[in-house]
Structure formats: structure tokens, C-alpha cells
Amino acid sequence: MKIAPSILSADFANLARDIKLVEKAGADYIHVDVMDGHFVPNITIGPAVVAAIRPVTKLPLDCHLMIEKPENYILDFAKAGADIINVHVEATPHIHRALQMIKGADVKAGVTINPGTPVDAIKHVLKMADLVLVMTVNPGFGGQAFIPEAVEKVKELKALKEEFDYHYEIEVDGGIVPETAEICQAAGADVFVAGSYIYNAPDPDERIAALKEVLAK
Ligand code: DX5
Ligand code: ZN
């Protein structure tokens, strides 16, 4: 089980402080939400910010690209120091090529599906995926309510992983709190992204501890 705090809900004026805080509290990945105002109706951060936070932490930077034409930016994120790059299947007609590019840059390749996208849409690239990110909200903003219908897809991905001996981690992102994390874990999820639950709290370290506690049961 891995916890990936999303810095989308961190204080952007104090990113280094907020990253160190969750690293100390036992986070496993730092989840970086990249939005372009086209693929999703919000704009956040780009490769320059990834490069700036790279020296701040030893944790893997899990970059979630919510951008159109992700192929055009994969190398920039790789150079900036991303350890995992997630691309949405809905954002490109060439998901296979995008994953090839990520792997070619020696970065772990993640493929992501929106709540309305079936697992079938990524069936033919599962073999090459190091991570599959199942969105449990519609991407664009932190603090939204968990979409329970997505859990079925986590189960499907877990079953496919076992059947074909795939190596990907299953990550869930959106509306994750202890109750929803437990539901996703029971379905087969390995990595839990949480933004507002962790950062919109007076003590983010207690929130990480609370997640770890339910997931360790
Ligand atoms: C949503 C982002 C998420 C977001 C999760 O578009 O991909 O990573 O930060 O935020 P919470 O945990 O608040 O739902
Ligand atoms: Zn995300």
C-alpha cells in the first residue's frame, strides 16, 4: 500500500515545506497534478515547477498529465525529474506511442482512465503499463466527491493483472478519505492519491497516519 499526497491542495507559495512535511509523515509518492485548461477546465503547473521541487524530496514524483497532446511534453517532464508519468487515454489517439515515449525516457509509464472510460479502452496497452490510474472523480479539481462506480474498474484491473501476470500498480485518485480508500483497497488498489483530505487539515501528518491505519488492517 502506498500513499501519494497530491500537492494540488498544498500551499503553492510553500511547496517545498508542504512536500517535506508529507515525506516526513511517511508518504510514498508525491502526486503532481498537471492541468492545461483544455483537457480539464483548470490550469496548474508545468515542467518548470517539477524541476524546482525535484531537489526538495527523495520521493518519486508521480506526474499526472491532464493535458492534450501529452506526447509533446513527455520529454520535458522526464528531463524535469519525473519518476512516473501518467497519460490519459482520452487525451491522445496514440496512447501506445505515448507510453513507449515515457519508457524510452527511462521513466515509469502510467495510463489513466476517466470515470466514463471503460477498462477495455486500455486493454491493449496494459502489458506495457507500470501503473494504471483509475480516476475516482472527474479530473480538474481537488475536493470532489468519490464516484463509487469506478470501483468496479479497479476490480477488473486487478483480475486482469492476475490473469495475465501484468506488473502494474493500481492507483486511485479523487475523493480518497479513509472510508473510500478501504473500499478501493478491497477492490485491489495499491496506491492512494489524496489531496484535500491530507492538505486541508491542520495536521496533514495525522491524516496520513489515519489512511495508513485503515489500509494496514
Ligand atoms: C483531480 C486530481 C487529483 C486531486 C485529488 O483532477 O487528479 O489528484 O488532487 O484531490 P482530492 O483528494 O481532494 O479529491
Ligand atoms: Zn491526480
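Heads up, the Cβ atoms here are built off N, Cα and C, so glycines get one too.
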Per TrEMBL, His31, Asp33, Asp173 bind divalent metal cation; matching candidate in His64, His124: His64
Residue pair Gly142 (substrate binding site), Asp33 (divalent metal cation binding site) - Cα distance, angstrom, rounded: 10
Conformational class of Ser196 (substrate binding site) under the three-state DSSP mapping: helix
Spatial neighbour of His31 (divalent metal cation binding site) that is closest, considering only the binding-site residues Ser6, Gly140, Asp173, Gly175, Ser196 and their CA atoms: Ser6
